[in-house]
Amino acid sequence: MILANAFCLFFFLDETLRSLASPSSLQGSELHGWRPPVDCVRANELCAAESNCSSRYRTLRQCLAGRDRNTMLANKECQAALEVLQESPLYDCRCKRAMKKELQCLQIYWSIHLGLTEGGEFYEASPYEPVTSRLSDIFRLASIFSGTGADPVVSAKSNHCLDAAKACNLNDNCKKLRSSYISICNREISSTERCNRRKCHKALRQFFDRVPSEYTYRMLFCSCQDQACAERRRQTILPSCSYEDKEKPNCLDLRTLCRIDHLCRSRLADFHANCRASYRTLTSCPADNYQACLGSYAGMIGFDMTPNYVDSSPTGIVVSPWCNCRGSGNQEEECEKFLRDFTENPCLRNAIQAFGNGTDVNMSPKGPSFPATQAPRVEKTPSLPDDLSDSTSLGTSVITTCTSIQEQGLKANNSKELSMCFTELTTNISPGSKKVIKLYSGSSRARLSTALVLPLLMLILAL
């Protein structure tokens, strides 16, 4: 009798634990009202298929046209439309960077969320889906390229930024898009206009959105031991066209200009969301995610808010948009705070140095603790051709017109980046393998059930 009861109890508990461990149990009453997020283009389609939602959405768009938030909310019909849409898929929708309909997706997102905010927030929520992957295989790939674990003498003499340019030339897509933005950003328009910045920015966006990060990160965040390498890193985005200007605008004015454009506004919000310094984490990055910060930084290149290294110092990493805080008036404190998110950002600095060193927070027992070195500015020096040894000094004798530009018959200007040429290599680079671990496998649930039920069975038998 005891054994029969024990068997029944064992069967009942096993089935109960199986149901609790099953993902389907998460669809119960405890998650009532929860909606899985969808991209805003799909959310708009779902809203359009429902008459109440679609009519309220049209009303809200009319309310936002030419009105500030306070004026809009003073209208009861506008406020009612906003309240209805907060219960629709549009409220929780997000976008993916470089998705096919990214601009349309972002326009839909801001059409809702601009009505939910005061309009003058220092930090805005990111419209992009959060980065959950660490992509530590990219960091391991970087450690191979940067010489981690190799002979320290050999590694110290290597120009990792030169190696990154050569690696890009081994990939057809990377080589093609890099060659494109170099030629566009170096093309002189007239004696008074050195380049077409708008076209240069577009070509840069295409490069960083379409080329895998294992190539783009290596060019942007390569570690350097000397000034020649650091200058090549600074010249990666062709700063004389894409970054520098005759005068530096006020940073708050530049931010206002950026926020007029949905793409620029979204990339800036994403940078703040993923790179804003956090003193509650080991690395000073939100959720200790270096990958999210580096991706957000790269995502801003090719816009008015384009950041870059301020000098070619190999010992100190300082980046900034092309702006300052002169003329801020009573907003000087806010302006300085905005600028410090670039120039004195421990999360961004740690992420750049960690990638250059080939390490990740999950791969090292301690978080990095790099000092924020403010290196003295040095005179700008010309970029190096890809086949130039890192031991070569930065002299004017190495400055030559890029062969690829001459072959295309393009007119190169007199900028310091026109000598960036390509070198073909014969080595092969194989990316690191990616492993997917299933957290809720059937066998793990069975082990969970057995581990909990067996002690109870033994207790019953003992009775």
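Cβ from N, Cα, C; glycine included.
Curation does not apply to TrEMBL; its annotations are automatic.
Among Cys264, Cys285, Cys402, Cys421, the one TrEMBL lists as the disulfide partner of Cys347 is Cys285.
Among the candidates Cys161, Cys168, Cys293, Cys323, the disulfide partner that TrEMBL records for Cys222 is Cys161. Looking at Cys241, Cys251, Cys258, Cys264, the record from TrEMBL puts Cys195 in a disulfide bond with Cys241. As annotated in TrEMBL, Cys251 shares a disulfide bond with Cys323, one of the listed residues Cys185, Cys200, Cys323.
Per TrEMBL, the cysteine from Cys258, Cys264, Cys293 that shares a disulfide bond with Cys275 is Cys293. Over the domain 'GDNF/GAS1' (251-347) the predicted model carries a mean pLDDT of 94. In space, Cys275 is the closest of the disulfide-bonded residues Cys174, Cys200, Cys224, Cys229, Cys275 to Cys325 (disulfide bond), judged by Cα positions. Here the CA atom of Cys251 (disulfide bond) lies 6 Å from the CA atom of Cys335 (disulfide bond). Distance noted between the C-alpha atoms of Cys200 (disulfide bond) and Cys241 (disulfide bond) is 7 Å. All protein chains shown were included, and the count of other CB atoms within 10 Å of the CB of Cys241 (disulfide bond) stands at 25.
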